[in-house]
């Protein structure tokens, strides 16, 4: 080649400069020293040397590598001079030389061996043939003996984002082709292609083909690994990312969560924080006693609120009962993954109180709470609510037994002056508790069967991303849930439907026994729509199933729920099931608000939606108006009942007076 030659040669100019670390001399200085062996006889040349510089460099490299290896490696005491006869010592020196680390400086400059065994410690030497025909060193510039003469075909630079391809050149040092970087690649530095922004190198190796950035990740390009965007979560070293619930994952190169959230998908509670509902986090008090006090107060407030709303208000006012049912529907929709705005989080917690989920007030400051705790605690809550209805009846039965000297059977079942159908009231109380807790229990049971695989390879529950699936704890809750699906999830609507069907067929709906036991299932409905309570409970179960089984498709989930609400609204409009027109209007309003809330969630989920603040205001105002209307209608409902009761009492008093007067005159013979 007449233009450029050389790639790894070393020139005389460099030999004059490089000093060997072992002896601290350049090669010419070594030749001039007393240590340089002189040639005798036919061995030497005219300069008296018997070794070339490269032979000396090899000896120096080997000696320096031995020094580095045995700096922290003991020499054998029995034969220190023959330490390399030990295979492990010899292999240690070879391994060090193959590591690709800098061994040291020799007459050939810095010495470092590439995976191919080539010395890559210094910049390649490039020599160019001058016009006189003699080669001159032009690169590295620090040792240049002549300027670079342009043009030289082999030195033509490629344009931006192109690199030199010598594969088709007859003389690679004389000519080359400029080839474009592959898709998703650009210059990392001159004529070396790397990943463009929006792409990443899976093995982080220069020159490997780049792949498109994964969904939910940020890819800076080059050799930088992808990391999650805000609202997404991943594991360092993995290239799969999952979307978090709203306002939990901050993302970034630290793969971090917002304050109060931690662990898988930022679904857990950060240490030193406690949760109130699924979305709110607060700092734990410093002292243990204060932490216990906070948790006890939260549990008491939530439990007392639920008892007051359901056992006192809802039992007394049908309008409040319908309000609580509609709020339960809104709470379930609020748990769809629809990117609800933070401004609604406080309202969503109120909805969750109506469900009485065991996770509402978890003792995170003092206990590591998992789904296992939640599952069993939910059953304990059900038991406590049931006992709150049954224990007063049991105490009444005990007083009757003691006062009237009767058996337990007579105290519970006998119809007389000393018994008030306590067994019937116990059945009604049990039905009431299950009806209140039905959506929460169904979700708690179905959640045990929904797992998903997270980055890292393990599967976790959808309901608790920190509860690992297919473990002994998981199998235990699955076994219990498997028994509860036919007995409670499916069994409860079937049971109340069967009870109503049998009582209606036997024409016993009007009897005291049926009214006391099952009156809450049909008493407020028209005679032709006694099945409406079965439909209400079935709707609630279907809505929970939509929440659990369609968790990974929020838009589909919301649209199916919307369809369910529209079917409920249409069936209600067609049936008009309530005896009270007020309750019919309130139920229609409840379905309308549920549809509006679901549509709002769909809009919040869309990233293109712009009227966010307006919709937020509409949602809050609609919920407040609906609640105000419910209490207002409850007032009129109660007022009507009170007026009817007062009128009945007045008629009864008037009838009694008339009976007494007629009896005195003997004109009328009144029965009884």
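Including glycine, each Cβ sits where the backbone N, Cα and C put it.
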Transmembrane segment range according to TrEMBL, out of 361-380, 381-400, 401-420: 381-400
Candidate ranges 555-574, 575-594 [criterion: TrEMBL lists as transmembrane segment]: 555-574
Same-chain residues at least 6 beyond the ends of the transmembrane segment (555-574) whose Cβ lies under 8 Å from its Cβ atoms: 329, 333, 336-338, 535, 539, 542-543, 546-547, 584, 587-588, 591-592, 594-595, 598-599, 601-602, 605
Positions on the same chain near the transmembrane segment (477-501), where near means CB under 8 A and six or more residues out: 371-372, 375, 431, 434, 438, 441-442, 445-446, 448-449, 509, 518, 521-522, 530-531, 533-534, 537-538, 541
